[in-house]
Amino acid sequence: MMVIFLGPPGAGKGTQGKKIAKKIDLPHIAIGDIFRTIIKTSTSEAELINNYVKQGELIPNEIVNQVIKNFLLSSEYKNGYILDGYPRNLEQAKFFESFIKEKIKIIYFDVSDELLIKRILGRYSCKNCGKIYNRYFVQPKTDNVCDVCGSSTFDYRKDDNEEVIKKRIEVYKTETYPLIDYYKNSGNFYIVNGSKNEQEIEIDIQKILKIN
């Protein structure tokens, strides 16, 4: 099974991607995580990518496409995956279709701008296991202690401030809305209400994918 999760930053793609991937025993490929890992390296490519991220700009298609192609053509992904955050525009979609021929289900997370901003501003994660929290909605049961692994070290994303977030959302709309129209006619396009809570969204996705 191959599934694409589409939606603006903060829509919940990463949270649901991890849950669903674990449930159906498939890899979860998060584009944002891939590039954040690259940024941590001491390379000219990392510096270039980091400049785009800091300014709230999308990373150029030619860079994104090559990174994704290298990942997806690896043998570990031959049985399927949950692809989170790619493609983001028509050019990327057509490049994707040039080397992936299998039938794919596309799920779009629909969320209001106001909720997106609050989700992103409040978001942080456990540095040890990656568990995602939010200072407004989902905090650890014990202060400063991860529910999953017990670590007390958390990672707060430095590029997340309101001005940059608003710009990222606007850039996303400009780039991605034409892609949504493109996929609507594919017969494999579905919309979930990303404003619901985690459990409700998970149930909706399970129904679409016909899993228990």
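Backbone N, Cα and C define each Cβ position, glycine as well.
Site annotation (Swiss-Prot): ATP is bound by GLY10, ALA11, GLY12, LYS13, GLY14, THR15, ARG123, ILE132, TYR133, and the candidate from LYS196, LYS207, LYS210 recorded at this site is LYS196. Range annotated as region 'NMP' by Swiss-Prot, chosen from 30-59, 60-89: 30-59. Residue counts for the region 'NMP' (30-59) under DSSP, helix first, then strand, then coil, are 20 helix, 1 strand, 9 coil. The two recorded residues, CYS146 (Zn(2+) binding site) and GLY85 (AMP binding site), show a Cα separation of 26 Å. Across the region 'NMP' (30-59), mean pLDDT in this model comes to 84.
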